[in-house]
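I have placed the structure first, in the form of structure tokens, so that the comments after it can refer back to it.
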Amino acid sequence: MDKFRVQGRTRLSGEVAISGAKNAALPILFAALLAEEPVELQNVPKLKDIDTTIKLLNQLGTKIERNGSVFVDASGVNEFCAPYDLVKTMRASIWALGPLVARFGRGQVSLPGGCAIGARPVDLHITGLEQLGAEIKLEEGYVKASVDGRLKGAHIVMDKVSVGATVTIMSAATLATGTTVIENAAREPEIVDTANFLNTLGAKITGAGSDRITIEGVERLGGGVYRVLPDRIETGTFLIAAAVSGGKVMCRDTRPDTLDAVLAKLREAGADIEVGEDWISLDMHGKRPKAVTIRTAPHPGFPTDMQAQFSLLNLVAEGTGVITETIFENRFMHVPELIRMGAHAEIESNTVICHGVEQLSGAQVMATDLRASASLVIAGCIADGVTVVDRIYHIDRGYERIEDKLRALGANIERVKGE
């Protein structure tokens, strides 16, 4: 397995171009199964999870070419089963189910794998599709969905806010007869992006970005060209890299309006921040950040995917900061690794109390999930000595060429190929 070897005590400064959002590109790629004509997707990041999705769509009979843009032609889909060998590495595969049953009347997906953070049940996807008229069976480790004729619009009140299930229901409802209303829908920017993509193909979706989404079913979806929105979590990660190192960074090709909660907390931590239409600059003027208190929440609250990075900020900040994780259980696995580097923290159920220290020390640490691993790499950049981060395949699932981008900011980082 590959590792990162990072030589520390670096102040990270410079410019970074932000890639397309993984969490928008994935649902959009699966939603392209609904289209009867070719689709061109621009700004799709080059990531492990994207490669897995392309393989999976290929197995279903979709023709895909990657040549700058990703070209998807789902007119020849002739397989309706997403097999275990691909699904096991990535939970997002469940997003194949809604489009398959909506367009072809049947689909089956192996129960999924992916990051090791807590229970992310598929039951909300299943109940949503059942309310649209699909018959669902769980057999031999597969979720099997079928419907006679077309799905039927329904008024769906979601038990809890779920990005994944909102995508499944919204995508499937585009080809249902009648109108579907989703109440208590997720409001994330990636939901809005998926809805905008589907509307480009001829869907009739309104209200995305609010907690009430309305979908008027249409007979078919055509083709189109769509540009995936920039990755707000990658943006936030590079802003943190500058903030914890006393540095200065300019993030280009990004969307400041998707990062309100994160920018507010960075300002509270003492960062000098300016924004334009598609850029954000952060300058710490060489100062240490101040500790902040954070509680993760569904959008527009503070994103759980930035929690690990802000844990690092608090652990090297002036003062004591408290972080409460309300979205996923078991999402503090990076904290014991940072303690190995000299951080002072206590975990109490879903809360971590961070006592800032002036300097971390290099150590051997292990990545446990995608966002945790990014915080460990950045910790290595500012620690005294050498840090080796193991199991970095987690990082490759969600960050495009993170080592190249960090190097451009002055980091001393190399990828060590594993056996």
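Positions of Cβ are set from backbone N, Cα and C atoms, glycine also.
Feature annotation from Swiss-Prot assigns phosphoenolpyruvate binding site to Lys22, Asn23. Around Lys22 (phosphoenolpyruvate binding site), taking its Cβ as the centre, 26 other Cβ atoms fall within 10 Å, counting all chains. Secondary structure from DSSP puts Lys22 (phosphoenolpyruvate binding site) in a helix.
Counting every protein chain shown, 18 other Cβ atoms lie within 10 Å of the Cβ of Arg91 (UDP-N-acetyl-alpha-D-glucosamine binding site). Residues or ranges marked as UDP-N-acetyl-alpha-D-glucosamine binding site by Swiss-Prot: Arg91, Arg120, Pro121, Val122, Asp123, Leu124, Lys160, Val161, Ser162, Val163, Asp305, Ile327.
According to Swiss-Prot, the feature 2-(S-cysteinyl)pyruvic acid O-phosphothioketal maps to Cys115, an assignment based on sequence analysis.
The active site, proton donor feature in Swiss-Prot is assigned to Cys115.
Taking the Cβ of Asp305 (UDP-N-acetyl-alpha-D-glucosamine binding site) as reference, residues of its chain lying under 8 Å away and at least six apart in sequence are, in sequence order, Asn23, Ile233, Arg371.
Within 10 Å of the C-beta atom of Lys160 (UDP-N-acetyl-alpha-D-glucosamine binding site) sit 9 other C-beta atoms, taking all shown protein chains into account. Taking a C-beta cut-off of under 8 Å and a sequence gap of six or more, Ser162 (UDP-N-acetyl-alpha-D-glucosamine binding site) has these contacts in its own chain: Leu124, Ala186. When the Cα atoms are compared, Asp123 (UDP-N-acetyl-alpha-D-glucosamine binding site) and Lys22 (phosphoenolpyruvate binding site) turn out to be 23 Å apart.
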